[in-house]
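Database features, via TrEMBL:
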ACT_SITE  82  active site, nucleophile
ACT_SITE  145  active site
BINDING   42, 43, 82, 292, 293  Ca(2+) binding site
DOMAIN    34-359  domain 'Sulfatase N-terminal'
CARBOHYD  207  N-linked glycosylation site
MOD_RES   82  3-oxoalanine (Cys)
SIGNAL    1-25  signal peptide
């Protein structure tokens, strides 16, 4: 085995990333740093884009974005659920490091419903905080989902502006047992979902995506006029059940209401890219499009998307739960119409954004995100053999290295949940793989070749030379990762009705404050 073929250790990868960042910082010290736009969709699947083969071909703007930029078919989230994946993006660290996981039960997905007590740890350093070093103005539009109590909100964690909601748009609630989720403008609420911000669950009509689009365009206009570098985190959530679209798009898709939502998001992406061209800043704006986790097949087909050829969906660590659509766009810098099979993940956006801004990543902690600028800009690099770690809660479920994926644990969901109609793998049961009990395979991992078998249906026989060779290469990677892992303090263990959105900041001005019940904390129950 040559040196170039050897698997790099996480430490080597971290050092390489830091060196690349520093090198880029030196090169770009006299150049205006590019604007950065990250578009993070909600529960949108790998197979929802025309460029990835969706047969209805209803995403012309995203398909054009891919034709003008770089497509990443092997791009991953850090967790198969919303909150942890978003925390990973903004910290550049695995949820098990940044605290966005639970220890209440083994290998359980946890997130931030409005009864959650915790949120993003104050020990974490978020991307907008780092970008301030180079004068960036940062705005989040849409779903936050890293904690809704005051200390956890965006403006307390580096963002300068926010328009959106702290939680999912579940509801409507009666405001007695559970309040409707507030919508914020910066640090104060403007109203609540299903009240001032309508979502008609019967028809699916809502103007929220259009509102989010206008907020994003206004921010781009203002920062361009002020000649300030900006970071826009555009986190629209229309493809999360209950899905919604504005009247203009309802009934337009061959795919039903979910497709209507995708079409409106695709239109919005096109409007944002067009705005960059009209302002003449397209060559100085890096844009990345992806999703927080796989499509929620439990909501399909009416309110859930497609994960293409991949197994299962959201909530699982099979490919359908964690492989995401991903497009990078930067005219004049990224070669048009390129496809990169580089293994990459959402945490890389943290480190890559810093490199583009000429900022070195934090050196007082382990970073999981790598700098993708050599890949994006077609420069020599040694990132080919980086691993992808698939976590579910506090457990490392699987690891990918090259084309091979080794499952150390398998679980779709419990028999109890499954018998109650909760199915994360509808029509895709694979005996011994999509198990309804947590099965450990540490001594003899289940290994797939994802090139030959993207659907994870045909395990490689343990008796073959191929299996033994792959195991000999993956095992040291797993061992080193576990030996160097120092889990963060879990933030998603405790719940309490008293911390719900009863009286958010600004409710007094609107007459929207609700009575706060007595505190009665309990350990959150995470069934999946």
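Cβ coordinates are placed from backbone N, Cα and C, and glycine is handled just like the others.
Of all the binding-site residues in the record (42, 43, 293), the one with the smallest CA separation from residue 207 (N-linked glycosylation site) is 42. Between residue 292 (Ca(2+) binding site) and residue 82 (active site, nucleophile), the C-alpha separation comes to 6 Å. Counting every protein chain shown, the number of other Cβ atoms lying within 10 Å of the Cβ of residue 42 (Ca(2+) binding site) is 25. What surrounds the Ca(2+) site, by Cβ distance within 8 Å of the Cβ centroid and not counting 42, 43, 82, 292, 293, is the set 41, 44, 81, 85, 237, 240, 291, 296, 314 from the same chain.
Highest Cβ count within 10 Å among the recorded positions 207, 293: 293.
Cα of residue 293 (Ca(2+) binding site) to Cα of the residue listed as 'active site': a span of 14 Å. A separation of roughly 8 Å, to the nearest angstrom, links the Cα atoms of residue 145 (active site) and residue 82 (active site, nucleophile).
For the domain 'Sulfatase N-terminal' (34-359), the model's average pLDDT works out to 98.
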